[in-house]
Ligand SMILES: Nc1ncnc2c1ncn2[C@@H]1O[C@H](COP(=O)(O)OP(=O)(O)OP(=O)(O)O)[C@@H](O)[C@H]1O
């Protein structure tokens, strides 16, 4: 019995084979064609007609009504004729050819799979490969054959746009034998399976019955497009010719066809200018004379005096050598260098600072190498209207940290025409970053000499401040003997009875794990060892942390001071907002770094125009300070004494490298009496690192993850199979999402341990939404054949077809809210996640320009951002745009650690933010090439009762 999958593939090939005869509904006639023409092709082992029909019906590719068969390919017919039929007795060809070898062609394969598909796939791979390598050769007219088309092609590419769907668009290829000899037109096909066109020619050319063209004779192939969906539909048309029907080497001519169907919104959002990539130039050392620029006014009012020194921590030169060797040839690391690295491989308190200094140096060296890639040449700057002391510079990519430029950072510019050494280098300080524009403060000397259109070369520099803080932190960890905090043995742990608590957040009363965790933290049951709270997304880690802080503040008052930290500002803001529900806001202080733009701070957290670092005494009066880990370093510099903070709470602890986390501990927390609490999920976004060497030697592992992986106190007991709850709390009840939303992450990352506890009314709020493909399953995967594009000289990607679909869903949500049992919505209930900054920008632009959406008067509250910006956040409805539509860029995503593909952790965070409805918009063909997304397709298949091997394809719900 053949598998349904095998039968379906044969069925789809049969449909393709039928060509124009697809409209034939007679079961008997189709059966005859199947057996007499299709199934008996040489070497084929297709299943029986009834098995094929069964598979087609089961997978919605055919319907049977009153004994008649309706093949489900219209109007999206994929009915170009397949002509992989070898002429009987054809001899093996000799000589080189553009074509696949003869024994790889159908009829010569012994594979039990369908050879039509295999050979066509092979042909497609080969032709596409050759197109990349030598496009000119493949697309050139040759052998006397002239291939023209209507519409006319240019450089082998034929592009056309249709404005309206479901309207016929005809492309004609004219084949003219312009040579002196006769020629056989033996074969043609489209090398992509996009079901939006049919191929037709009068005499049904096949290798079995080629068309003979005498000199001067011509022939026509017609491609009929019927686009049912907006998007971008590329195809590669392959035409094959032979000077002699039996005994000569065939050759081919290829044309690329791009059909585009777009709305006016898509046209409006399209590229503003063709993409011109930034060219990387080689760097040569030159003698320079540096002229200092003007830093921005400190918007932070600095009342906190710096009393603890921060060293410079420059890396030793031998390390640069080592890193360079490694970068160029990892085989030839000197043995001394190798030993140095090996010596620090196993982390102990004894080598703690030494090891992290080394790894941080390696990271810095790599950062220096990477930042050079962004150097700009021959750039013009402009004077800022209204503030002529500043110059603006366009920095493509800055919005997605390529390069990372923050307020207060420094850039080095020199006049492009300056060639005489020493070259004058002007340092410019970043006053403001606005999308891809930076505003820079330079010295008077440059401003006075500045004239419009002056050309400059620009070098970016790295911000060493966070690195320096990390170096100091690992040193302080040794100085203050944090051994029992960083490598706890559990020896000093006293057994204390847990107190009865009056819980502030009543939700926790129903969750014994959360409740117990709070009790343990309040009583300090793990002290001096850290207490870990870990669990999958939405299991209430942050809520537990916040309740524990409330309880510590309330129960142990007045002897406690809390430092609440997270790696990112958005996670800190969330902590702060939740803390202020139960703690008097005057007792909580949210301290921001000077690099933070006050305009990006949530209104309820910004109490004054500028940020203030109050003096030490004032700071020490607050019950709770909320800061990022890096800003916690300022508290150390400001001389807040060790032991002032009785508790340090770290949320999203899995996102920071260990030395970053230690900034908030070393020099602040008492090693004997302090309580450290770390919350996080190692399966969500981790630290981002550049140096492969540092990664290889473990810098990518967070403190939370290291303790969980390497310290027995934080592992399940082999006897009981349970965690020791004095040290670790594992949360498994998910309070955020509908089970359908959790299905994929639960299976892929959490061994199906995650339990659904979200409020039933909330989680099922969209289960009856009329636009769901399956009622009761509030997940939509919407397949879009879009195009990932870039514009001007920005390296960031966007995909307008996906923006159009997102906007369409938003409009549907707006139209249906408050009707038929669907709750009323405000824009703040919705979040849109996109992997690239340009796509975020295009979505924001679309939100502003679509009139229908302006009904939401809080439209500004609709958050559009990257996954990083959504970590720890949730919304009722999440829409995700995956953008990627060409396989060629997937490698780039991996190298730059961007995008959704090849990054499980980013995928996990993105799909676990929604409470009641998740809509993913993406290209199924590309996503299926990634194992995580492909699995996603398989898992959904069960739900949708599809039976196919085609991953996400079956979920395409145009
Ligand atoms: N015991 C509980 N009962 C009901 N709802 C809860 C409970 N604990 C947490 N929640 C709710 O679950 C949602 C997720 O909580 P929280 O943000 O604390 O999860 P998290 O584990 O920190 O998530 P992430 O890993 O995504 O950062 C919130 O809406 C919160 O109010």
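Using the three backbone atoms N, Cα and C, a Cβ is placed for every residue, glycine included.
TrEMBL entries are annotated by machine, without manual review.
The domain 'Helicase MOV-10 N-terminal' feature in TrEMBL is assigned to 9-69.
Positions annotated as domain 'Helicase MOV-10 Ig-like' by TrEMBL: 135-259. Averaged across the domain 'Helicase MOV-10 Ig-like' (135-259), pLDDT for the predicted model comes to 88.
As annotated by TrEMBL, domain 'Helicase MOV-10 helical' applies to 310-373.
Taken from TrEMBL, the feature domain 'Helicase MOV-10-like beta-barrel' covers 374-460.
With DSSP states grouped into helix (H, G, I), strand (E, B) and coil, the domain 'DNA2/NAM7 helicase helicase' (511-595) comes out at 41 helix, 12 strand, 32 coil. Look at TrEMBL and you will find 511-595 (among others) tagged as domain 'DNA2/NAM7 helicase helicase'.
What TrEMBL lists as domain 'DNA2/NAM7 helicase helicase' is 616-691 (among others).
Per TrEMBL, domain 'DNA2/NAM7 helicase-like C-terminal' is recorded for 701-923.
Sequence annotations record features per position, and here TrEMBL assigns region 'Disordered' to 84-116.
Of the candidate ranges 9-69, 374-460, 511-595, 616-691, 701-923, 701-923 contributes the most Cβ pairs within a distance under 8 Å of the domain 'Helicase MOV-10 Ig-like' (135-259). It is 701-923 that, among the stretches 9-69, 511-595, 701-923, forms the most Cβ pairs under 8 Å with the domain 'Helicase MOV-10-like beta-barrel' (374-460).
In terms of DSSP helix, strand and coil, the domain 'DNA2/NAM7 helicase helicase' (616-691) has 24 helix, 17 strand, 35 coil.
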